[in-house]
Structure formats: C-alpha cells, structure tokens
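**Student:** A single structure is presented below for examination.
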Amino acid sequence: MASAPPASPPGSEPPGPDPEPGGPDGPGAAQLAPGPAELRLGAPVGGPDPQSPGLDEPAPGAAADGGARWSAGPAPGLEGGPRDPGPSAPPPRSGPRGQLASPDAPGPGPRSEAPLPELDPLFSWTEEPEECGPASCPESAPFRLQGSSSSHRARGEVDVFSPFPAPTAGELALEQGPGSPPQPSDLSQTHPLPSEPVGSQEDGPRLRAVFDALDGDGDGFVRIEDFIQFATVYGAEQVKDLTKYLDPSGLGVISFEDFYQGITAIRNGDPDGQCYGGVASAQDEEPLACPDEFDDFVTYEANEVTDSAYMGSESTYSECETFTDEDTSTLVHPELQPEGDADSAGGSAVPSECLDAMEEPDHGALLLLPGRPHPHGQSVITVIGGEEHFEDYGEGSEAELSPETLCNGQLGCSDPAFLTPSPTKRLSSKKVARYLHQSGALTMEALEDPSPELMEGPEEDIADKVVFLERRVLELEKDTAATGEQHSRLRQENLQLVHRANALEEQLKEQELRACEMVLEETRRQKELLCKMEREKSIEIENLQTRLQQLDEENSELRSCTPCLKANIERLEEEKQKLLDEIESLTLRLSEEQENKRRMGDRLSHERHQFQRDKEATQELIEDLRKQLEHLQLLKLEAEQRRGRSSSMGLQEYHSRARESELEQEVRRLKQDNRNLKEQNEELNGQIITLSIQGAKSLFSTAFSESLAAEISSVSRDELMEAIQKQEEINFRLQDYIDRIIVAIMETNPSILEVK
C-alpha cells in the first residue's frame, strides 16, 4: 500500500549547530520578506506544518543563509548556496498557504535576497495564488512557469513544482526525502487528497466507504478482478473505461489514491481517460461541480458492494503478476519498487520526469511549455518513454504513482495529473535507477545552472531514507510472500484443473466405449429383427401361394360344373314356360268363372230380395194365423169350461203350444242366418282367389331382355350360383302357391276344376 512513510525516529538525525538565535520565532526567522526566501524544486515555502511536528529540525544556518537554495525534488544533497538577487523575483506573499515573516520583524541582521533564476524570454517566475494549491498542502507556496506574454495564470500555464508542507515554522530547511512529511497511516480519515478539487472534499468519506466495501481483505488495495466482477452490471465497455481510469498503469491493483483520482477524472470529464495524465486547469476557474451521474454512481456502487458478498478471484492471474518483455514496461512507483532497485537508486526518490524529459529529448521525451501550441489547446508536460531497452533483473512489485506521494514531495510537480505514465510501458530496475540518479543529480540545466552549494545535504536525510528503504524492503517482502502464495494457489488450481481434465478425458473415453458398445448392440438387434421379419415374410408368401393354388383348383372345379348347371337352367326355363302357359289358361278360366259368379251373384241377390219379400209376407200371414189360432183356442177353452173341464189344464196346454211356436220361429231364423253367413264366406273366398291370381301375375311379369346364355357368360361364378339359388327359391314358392290355390278351389268350388 502506497502509504506515506512515518516520521523518522528520534535521534536519527545527526546533531548540528544551534539554531538561529531566538528559535523559530526569533528575529532571524522574520527576515524572509525583503527577498524571496528560497526556491526549492518541489519544496514548500512557508510556515509550520501542523502534520509534521518534530520531523525536520532547523537546518544549521538556515536563517542566516542569505540566498535562495534550490533542490531538484526530495533527493538529498541537492541544495544550492545563496544566489544573487534578481529583479525578476517577485516578493513572497503571506496567506493560508505559506505564512512568511513580515518585513518589519526583528532579526539579528538583514538576509540576502536570492533572486529567481533567469529565464529565457518565454518564461518568468510567478507565485501561485493561494486558492490554487491543493487542499492537503495549505502551507505551500509553489511557483509556476509562466509565459512572458502574461503575468497571470492563463490557459497556457503549467505547474512545474508541486507544493509541499514546510518542515518547521519560520525556516526553509532541506526536505528530507519521501519521509519528511508524515501523513496519517489510517486511510479511513477523510483528509482531502492532494489532487482533490476544492469543491469536492465532501466526496472523500463516500469514496472511502465504497473503497472499504470493495477492499474485502483490508490490505488497502482492490484487485482489478474483484472490481471487474463487481462492475460487470455496467457493461463490458463501461468496465473497460472504469479500469482505464482507475488503473492507468496496468498494475492489476487499485489503491485508494488511484480510486479517488480515477473518480475525480470521471467527474471532471477527463478526455484522455487517465488518472495521472491531463492538462492543468486554469487557476481562476472554479472546480467543476459534481454531476448527478457521479452521485448516482457512488450511491449505487456503495449499495451494490454492501449488499453483495465479496468473492475473491482465484482463477485468473493478476495483471501485476504477468511477465512482460523490455518493450512493455511501465514506471515503477518508488515506494513499491524492489529493494535492489531502491539501493541502485542511491537512496533518492522518484525522479522528476519533467526535467529528465528536458535532458533527453532524443529518446522520445516531450516537454510542452506555455506559449507553444498543443493539440487540445492547453499546455501540458508529458513524459513519453524512450526507445532504450533495459533488462529487467528479477521480479518486483510495481504499483501506480500515488497522488499522496505526489503531494508529499515525491515528484516535483504541483498538479497530480502532471505525469502521464503509459499504461502499456513498464520500466526495468536499471531504467528506474537511471531516473532516480538523474533526479538526484539534476541541476535544471534547461532553465539555469544552480550553484555548487546545492549538492550539499545534511546527514539526517540519508538516515531517514535508509529507514524509508528498510520499510520499503519489508513491504516488498510482504508483497513477494503474497505473490508466492498466489502463485502456489494458482499452481494448485492448475493441478486441480489438470486432474479434472484427465478425469474428464477418462470419462469421455468411457462414454465413447459405451457408445460403441451401444451401437454394436443396436446393430445386432436390428440384424436379428431383420432376419425375423424376412422369415415371417417368407412364411407368409408360402401360405399365400398355397391359398392361391387352392383357389385355382376350386375355380377349375366350378368351370367343369358350369355346363351341367346351364343344362339344368334350360330345363327349368322350359318348365317355367309350361307353368306360365298353364297359369295363363287358368287365369282365363278364372276370369270366366268370375264373370259367371258375378252374374250368379246378381241373380242370387235378386232372388234373395224376392225371397225376403215373400218371407215377410209369409211372416205376416203366419202372424195373422197365430192370432186367429189363439183366438180360436180361447174360444175352445171357454167351450170346454162350459163342458166342465178344469181351467188349469187348458191354460197349461195353451202355454206349451205358444212356446213351441216360438221355438220353431227361432229355428227358422237361425237357419236363415246360417245361409247368409255361408253366402258371405263364399264371396270372401272368391275375393281371396282373385287377389292370389293377381299376385301370381305380378310375380311372372318380369321380362327377360337377354338370353340366358349371354347372362351366364357375363357374370362370375359366385353371382351365377347366387342367381340359381334365388331362382330355385322362386320356383319352390310358385309351386307351393299353386298347390295352395288348387286346394282352396277344391275346398270351396270343386266344379271349377271339372273338365267340361
């Protein structure tokens, strides 16, 4: 984790001469106003730093030094001696960023004014306004390069030296490497970052909460795999853009400073999409307000991380652990470089690529100064890797440039977006050592040659740097152990995957063998089924052939029977014709008999009516005679009474005679009814015979249009046999019918059958 190094332990600084008379608040400390106090590359100018008490002791002769001391960044032993004052040096100003002593402060003697270095006509030294410095370095008074055409900060102005806090109040002592400004090691505190805009300090706690939620193991770094796994809800392209902002160097891990810088770049609309590269904004412009999309992003990201379980990536290699060649290298952070690289650097901090690029223009470095054209309309300083290739001895942990170390004096640039490290380049240890050496030996030859006194430095800087390097060595050992554990875990995973692949191959072979066996079994079953179907088909064909032979034999037999059947049919036809002739003759005779019967019936009815009239007349006559007989009997009875017979005998005889006469009349009436019924029966029998004859005529009314031989030849054997059976049935019915008619005639009227 790229955290700020703690303060050097007490007693590590070598003793020096007594400080100025009066201490930090004495008269010697107040003689800073008449001239520019001292100009240090990347060193602060101003009052005390509340966060670094007791870190840097007052340097011997710091107040008595009448000139301005120059240092190329935090490297030790690069301070210069006093320089002659120049007319172009502006007076230092006091304010919240750097409290310089007033001109009327008492002191033992006047201090000599150190002029600013003489610049070419294109540049001039100007003091940075107090509202332009980063919020985390309020006591610094940085100076900027400014074009001679303008005395104010404009679009073409570029920060060259970053502001850093002063070591003690009232003195401008030499800054002691990367360990001089002690920062709190707890990153959970919401101090504004060096590159944090003034108007967005309230975003620090929210971003810290999001970062802590993403940092599941609590080591201060978020792996790219974890972040990609979390941010996949935004889409592949958006995740790629986010990782480009949050990890521009391609190290595979994200620190909180990188996270904050990336979110700030996204919020400010960085066109290049890189956290540490960009364009210096105008000083007078207010910081951009946080858009609603940024608030939504932070809120959604925090909710997503707190609601979802942290899942570590165990299947892919991190980008920081992959091996690259000399052509694909990136700048190694000084706080995360290996121990060998730190030792080869000679204890110096990260070089100032701005000055290194000015020294090596032939290797692709480019310095864009104010007043010169730029593709984006702004003046930037960009360090581009040269064409030189160096071997990379050993493996070491590499990380991005931390904005916190940028603010603490690691780089001599006031803007954390000053350097633009290429995400696809990675420098070797020799390259880093060369940069560190050049940074330590840099004398600003492009601007002005400093005095030889700048190469002197206190011994306490070396002690602090040794402590710093020891801590870096411990951190690198921890990183190496973590890398070894990860490599062992990946090797274990690889072994498991190999075993799994072998198991899958064996399973595949077993499946193939099983499939072959199944294919063979199915082929055998199909062959057996085919043989069975062929046998059944052959048996069925044999049965059909046998059946066909039987049908042929039956057909031949039926053909042999056909002539006999034809002869029988002809004989039956002759008999039928004879019967039809007889029926015709009988029909004629029947019609004649019916005519005679009708005439006889008419005659009979006439006689019956005549008989009925005679009967009625006879009945009336009988009635009259009976009455007369009764009258005569009464007279006879009276005469017998007169003769003396008894009346009872005569009355009984009278009744018996009357009863006898009634019975005789009843007998005659019944006989008449019997005769009437017989006549009706005869009439009904005649009607039955007539209807039977008409039915016989209808049966024989069918006309034969074709000859019997033609009909027989045109039909099949089955149809012929069926027709013969029907004809035999009809003949049998006709024979039976004729017999019944003859029997009925013989019973009713046998005279019809008599030959006349």
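Positions of Cβ are set from backbone N, Cα and C atoms, glycine also.
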**Student:** Looking at Ser8, Ser52, which one is marked phosphoserine in Swiss-Prot?
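**Tutor:** Residue annotated phosphoserine in Swiss-Prot: Ser52.
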**Student:** Look up Ser281, Ser308, Ser315, Ser716 in Swiss-Prot and give me whichever carries the note phosphoserine.
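**Tutor:** Record lookup in Swiss-Prot returns phosphoserine for Ser281.
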**Student:** Among Asp241, Asp258, which is the one Swiss-Prot gives for the Ca(2+) 2 site where Asp247, Ser249 also bind?
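**Tutor:** Among Asp241, Asp258, only Asp258 appears alongside Asp247, Ser249 as Ca(2+) 2-binding in Swiss-Prot.
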**Student:** Name the residue range among 605-624, 645-664, 665-684 that Swiss-Prot annotates as region 'Disordered'.
**Tutor:** 645-664
**Student:** Candidates are Ser318, Ser428, Ser538; I want to know which one Swiss-Prot annotates as phosphoserine.
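**Tutor:** The residue tagged phosphoserine by Swiss-Prot is Ser538.
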**Student:** Quick one: which of Ser151, Ser488 has phosphoserine in Swiss-Prot?
**Tutor:** Ser488
**Student:** What residue among Ser344, Ser348, Ser397 has an entry for phosphoserine in Swiss-Prot?
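**Tutor:** Per Swiss-Prot, the residue annotated as phosphoserine is Ser348.
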**Student:** Taking helix as H, G and I and strand as E and B in DSSP, count the residues of the domain 'EF-hand 2' (234-269) in helix, strand and coil.
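**Tutor:** Grouping H, G, I as helix and E, B as strand yields 25 helix, 3 strand, 8 coil.
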**Student:** Can you count the other CB atoms that lie within 10 A of the CB of Asp258 (Ca(2+) 2 binding site)?
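**Tutor:** By my count, 27.
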**Student:** For a quick check of packing: other C-beta atoms within 10 Å of the C-beta of Ser249 (Ca(2+) 2 binding site), how many?
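**Tutor:** Other Cβ atoms found within 10 Å: 26.
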**Student:** If you draw a 10 Å sphere on the Cβ of Asp247 (Ca(2+) 2 binding site), how many other Cβ atoms land inside?
**Tutor:** 26
**Student:** Averaging the per-residue pLDDT over the coiled coil (485-694), what integer do you get?
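**Tutor:** PLDDT averaged over the stretch: 88.
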